[in-house]
Structures are given as structure tokens and as C-alpha cells.
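Peer 1: Before we start, here is the structure in question, set down as C-alpha cells.
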Amino acid sequence: MKIDGVFEGGGVRGIAHVGAICALAEKGYEWERVAGTSAGSIIAALLAAGYSCSELKTIITDIDYNKFTKINFID
């Protein structure tokens with residue numbers, strides 16, 4: 001079944017979105033249209049680009065989240 005997805009922002013919600021996406025994929029759902037804001041827009045863009053659930057999981061586990069806590073506009 002094809003469904004549309006709208007993903008909201010909020011930092012760590014992006015990680016939660018991946019879990020929900022994988023659960024829906026296991027049930028046989030496919031994405032027809034996706035949209036989002038902030039972290040949700042990143043997830044939506046990756047889905048639109050054709051990334052699979054396992055690829056999304058790899059991306060979110062490989063990110064160094066400590067880099068997001070260090071605000072330095074020079075580096």
C-alpha cells in the first residue's frame with residue numbers, strides 16, 4: 001500500500017522517524033509522497049532519494065552527535 005508521510009522536526013525525532021518508517025516498511029507500506037520540517041525534512045529527503053530502512057538506520061547510527069553540541073562557527 002502506498003502512503004504519504006509528513007515528518008516534523010525536533011532533533012531526536014529524526015531518529016524516532018526512522019523507527020516508525022522501518023515498522024511501516026515491515027508491514028508492506030511504501031512511500032508515495034513525503035515532506036517534513038527540520039530533522040523531518042532530512043528524513044523525507046532521504047526517503048525521496050530512495051534510501052531503504054536499513055540504510056537510514058546505518059546513517060543515524062554512524063552520525064557523531066557530539067558534533068551538534070559544539071557550536072563553533074570558525075571550525
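In case you wondered, yes, glycine gets a Cβ from its N, Cα and C as well.
Here's the feature list from TrEMBL:
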type: DOMAIN; residues: 5-75; note: domain 'PNPLA'
type: MOTIF; residues: 9-14; note: motif 'GXGXXG'
type: MOTIF; residues: 36-40; note: motif 'GXSXG'
Peer 1: What mean pLDDT score does the domain 'PNPLA' (5-75) have in the model?
Peer 2: 90
Peer 1: What parts of the chain pack near the motif 'GXGXXG' (9-14), using Cβ distances under 8 Å and only residues at least 6 beyond its ends?
Peer 2: 36-43, 60
